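Just below is one structure, and these are the notes that go with it.
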Amino acid sequence: MVRIRLLLLTMASPPLPWPSNRVTSVWWLFYWRAMLEARSAFQRYTLPPKKDDVKAASLLLNGDVNVDHQSASGFTALHIAAHYGNVAMVDLLLSRGANVNFQAKNNITPLHVASKWGNTTVVEHLLRAGAQLECFTRDGLTPLHCSARSGNAHVLQILIAAGANVIAKTRNGLTPLHMAAQGDHPECIRILLLHDADAGSVTVDYLTPLHVAAHCGSLRAAQLLLENGCNQDAKALNGFTPLHVACKKIRIKIVELLLLYGCQVDVATESGLTPLHVAAFMGHVNIVVLLLQHSADPNARNSYNETSLHLASRVNRLEVVRILLRNGALVDAKARGNQTSLHIAALMGNCELISLLLQHGASVQATTTDGHTPLHVAAKAGHEDAVLLLLRSGAQPDVMTKSGFAPLHLAAKYSRTKPARMLLEARALLDIPGRNGLTPLHLATHYGSASVVQLLLENGASTTQKTTNGYTPLHVAAHRCQIEIARMLLRAKADPSAESRNGFVPLHLAAQEGSVEITKLLLDAKANVNARAKNGLTPMHLAAQEDSVKAAEVLYVAGAELDPVTMAGYTPLHTACHFGQMNMVKFLISKGCNVNALTQLGSSALHLAAQQGHPQVIYVLLDHGADPNIRNKHGWTAGHVAQHQHYLNIFEVLRRVITCVDSWEETQVCEGEIEGIPRRPVAEKSMMAGTDVGREGARDSWYRATPLHDNVRHLQLERPDVMTEAPVTDTEDDQVDMDFTVIPPSPQVSLANSQQAIADEVTRDGAKHLQYKENQRLTWYSPAQEYYSTKVNKFVRVDANPVFSDKQSTASGEDSIHEGVVCNANQPLYSRGKQVVGIPSGEHPYDCRNDCGDPKNLSIGGNLGFHPSSRFSDLEWDFEPDNVPIYRRPVASGFLVSFLV
C-alpha cells in the first residue's frame, strides 16, 4: 500500500521539468524507475479485481482512471470481477461508474460472464444495477443460453425470474433448451420446460434438442426430453433423425433409449440412408446388432442403390459384414453400376473380406455395367494377393469388358507387374487384342511400364502384332519416346521397318517427335532413313514439320535426302516453310537444298511462306537466292499469294523484289481447274494500302467481286501432305458414368506434362482416351485456332488457312474413329487444335472431367454432422470437439456438416 501511494503521488504530480545538468545521476535513476513502475502499476490496475483487493483498487480509482478501460484481451475490470465472483469488487466498480452493460470482445457483457461461471450473487448485483437480460453476443447468445450450457440452475432461475426469454434463439436458432441438452443438464432442462420452453423447438437446420442430446451423448437430457414429449423421429434438414445422429456418433446408450421409446428403425434420409447404413459404415458391431434385433432391414438401399453391406465392405468392417451376412444381407446385391460387395472388396484388396464374401456365395464372375469383374478391379488396383485369391476361386483371366479389355490389359496399363505375372501363370492370353487391336504390350509400352514389357517379352509376347491402324509396339515406343522399351523391343527382334496402315515406320514417328536417341537407335537397327509413306512423306519431312533440327541432323548424317518429294510435290523445305519452322529452313538451306523446288501446283517455298504469313522465312529465302518471280500453275507469284491472304507487310516486301508484274491494282489472275470447273479469269479485288481487315471478311469481299463466286467458294491454295491414321483409342473404363464405389479412373495423361503424350481426346460422352494416330483428316477451318504445341508445352494461337473440302485433301481418305474431329493444316502434326461436335467455336475441347477420388476416401451419401453455422468453434468459449463428420460427397441441400463442437 505504501508503494502504491508513493507511485500515485508521483503520477499525480504534473510533468516534472527536465532536470538541469547539476542533478546527480541518483535523481535520474530514481526518476525513471518511478515512472516505469507507475506506468506498470497503472496498466495492471485490473489486477485488484481478480485478487479482490478492494483497497488497492480504491487507491487506483482515486486518480483520473477510466473505469471501463479494456485489457489486452478486450475485457474490463467489471468483466474480470464477474468472472472470479468478486462481489465487493463488482460493487466498488459499479459505484465508481463502471458500465454494467459494457460489450467487450464478441459483444460479451459482465452478465454473460457471471451467468456462464455460475456466480449467483454477482448476477443478482448486476441485475440490480440494470444489467440487460436480452443482450446478445456476436452469435446471438443471451445470459440465459450461457447459464443453460454451463448447467448453472440457480443462475437460470434468477434470470428467468427477472424476465429472461426462455425461447430466445441464437443466430443459428439454438434455444437455451438446446444448450442444456448439449451439456446434459437435466435440472436446467426441467426448469426451462417448467417455464414453457418448447421441447420441439428447431434450429435453422431443423435440429431439435433431442438431436443435440444424441450428438453429444447426453443420456439424461435425452431421457428427460423424451419423457416430456419430444418427437423421437423428428427429421432435421436432410432427413436425419436422432437415431441417425446417435449411430454416427456411436452413442449406444442413446440408441438403446430411442429404440426403447419406439423410434422408427428403418427411417431413411433424403439420400436414402437408414440408421443401419450409418452404423455399418461406422463399424460399431453392437449398434448394428441392436438395430438388427429391432428388425432393421439389412437390404435397405440408399439413393445409390447401396445396401449396408456395400458400405461396410468399403470401409473394411469385417465383423459388421459377417453379422450382416448372417442376418440375411444379399451377398450379390448390386448398387448403381451393378457393383457388388465383392467388387468393392477387390478394390480395397482385403483378402479376408473377399474370402468371407466368397464363402457366402458371392459370384466371382459378377460384372458391372461396363463389364468389369472383381478380377479386373483387383488387377487394376495392383492387389496381387486379391488377384491370386480370385484366380484360385475360379475367376476367368480373359474376360473382356464391354470396351474390350481383359485384366491383363489393365495390369499392363497401370504397371502392375506382380498381378500381370499371376495372370500369365493362370494362362491368360498373352497377345489378346483389346479395343482397336491394342495388346497388353501396346499398353505397357505406351504407359512406360518397362517391367511389364520385360515380363511380357520374356513370356513370348508378339512384337509384330498391329493395332487397327497398323501400329506395332515399336511404333508406340517411338512415338512416346520410350528409349529403354524401344531397346527391349529391338532386342526381341521387333521390325524397325514395319509399316502402319498408311505406310509409316517407327522412324517417321521418332523424327516427328524429335527424339535423337530413338532416331539413332532405329538407324542402328538398319531402319530405312528415306522410308516413304503412301503419300510420300519421309522422316525428314516430319522433322522439318516439327522443327526437329537435331533429329534432322542425325538423319542427314545417315544419308537422308534433302529434297525428297511427296505426292503433292512437297520437299522438306516446303514443309518447313509452310509451318514456319525457321530453324529447319536455315538447316536445310545450309545443307544445300533446292530453294526453288516446285510442288505439283507449281508453288515454291516462297509461295508457301507467303501463303502462311511467315515474314522471317521470306527474308531467309530471299537472302539465299529464292526467285520471287516464279509463278505457280495459276499464274500467281508469291506476291499475289500474300496480297490475296492480306499479309500487307509481306506483300510490300515481295512487291519491291518482284519484277514480272507491272501493276498490282487490277491483276487478272486465272484460277486453275478446281473441282472440275474450267479455267476462267477472275478479277482480283484491289487492296488499299493500310487497310486492316480480317481474312474471312476479305474473302467474302473477294467472292462478291468474283464472277465465279456462286460456283467456286474458295481459291485453291497449297496444303502439305500429312500423316493420316485413324486414331486407336484406349477407354477401358471411362465410357461409363463411374460410380464412386467402383473402379477408380485411369491416371491422367496430361498434355501439359508430356511432350510424348499421345493426344488425349474428349469424346462426345466426356470420356478421356489415348489416341495412337499419325494425324486427322483436314476437314474444317477456323479463322484463328488455339492448339497445344508439343514443342513449347503450351497452347499457341495460330492463323488458319482458307476452307478446304474433303475432296481436296491429300490424305489417304481413311475416316477417323470420331465424328467432328477437326484440325488445321497450318498447325504442326500432333499439335493441332481439335473441335468436337457440340463444342462452340473458340472453346477448347481438352476440358476433361475431373477424376473421381479414391472411393476409400469417400464416405456415405450424407454427412451425419451438422451445419457449420451451428457450431460453437468461433464463440467466446471454445468447447472440445467430439464429432468427426463422415465425408463422402456433399449432400445437395448442404445439410449439417458439423455442430456444437
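Each Cβ is built from the backbone N, Cα and C atoms, and glycine gets one as well.
The signal peptide annotation in TrEMBL covers 1-17.
Residues annotated as repeat 'ANK' in TrEMBL: 73-105 (among others).
Summarising the annotation, TrEMBL assigns repeat 'ANK' to 106-138 (among others). For the repeat 'ANK' (106-138), the DSSP-based tally of helix, strand and coil residues reads 19 helix, 0 strand, 14 coil.
Sequence annotations record features per position, and here TrEMBL assigns repeat 'ANK' to 139-171 (among others). Mapped onto DSSP helix, strand and coil, the repeat 'ANK' (139-171) counts 17 helix, 0 strand, 16 coil.
As a summary of secondary structure, the repeat 'ANK' (172-204) carries 17 helix, 0 strand, 16 coil according to DSSP. According to TrEMBL, the repeat 'ANK' annotation covers 172-204 (among others).
Look at TrEMBL and you will find 205-237 (among others) tagged as repeat 'ANK'. Along the repeat 'ANK' (205-237), the predicted structure has mean pLDDT 95.
Positions annotated as repeat 'ANK' by TrEMBL: 238-270 (among others).
The feature repeat 'ANK' is assigned by TrEMBL to 271-303 (among others). Taking Cβ pairs closer than 8 Å, the repeat 'ANK' (271-303) reaches residues 238-239, 241, 243-244, 247-248, 250, 252, 255-256, 259, 265, 309, 311-312, 314-315, 317, 319-320, 323-324, 327-330, 333, 335, 859-862, 864, 886, 891 in its own chain, all 6 or more past its ends.
Here TrEMBL flags 469-501 (among others) as repeat 'ANK'.
As annotated by TrEMBL, repeat 'ANK' applies to 502-534 (among others).
According to TrEMBL, the repeat 'ANK' annotation covers 535-567 (among others).
Among the features that TrEMBL reports, repeat 'ANK' is placed at 568-600 (among others).
According to DSSP, the secondary structure content of the repeat 'ANK' (601-633) in residues is 17 helix, 0 strand, 16 coil. Residues or ranges marked as repeat 'ANK' by TrEMBL: 601-633 (among others).
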Check your understanding: Taking residues 6+ outside the repeat 'ANK' (172-204), which of them lie with a CB under 8 Å of any CB in it?
Key -> 139-140, 142, 144-153, 156-157, 160, 166, 210, 212-213, 215-225, 228-231, 234, 867, 869-870, 900
Check your understanding: Per DSSP, what is the residue count of the repeat 'ANK' (205-237) in each of helix, strand and coil?
Key -> 17 helix, 0 strand, 16 coil
Revision key, fill the gap. The correct DSSP tally for the repeat 'ANK' (502-534) reads 17 helix, 0 strand, 16 coil
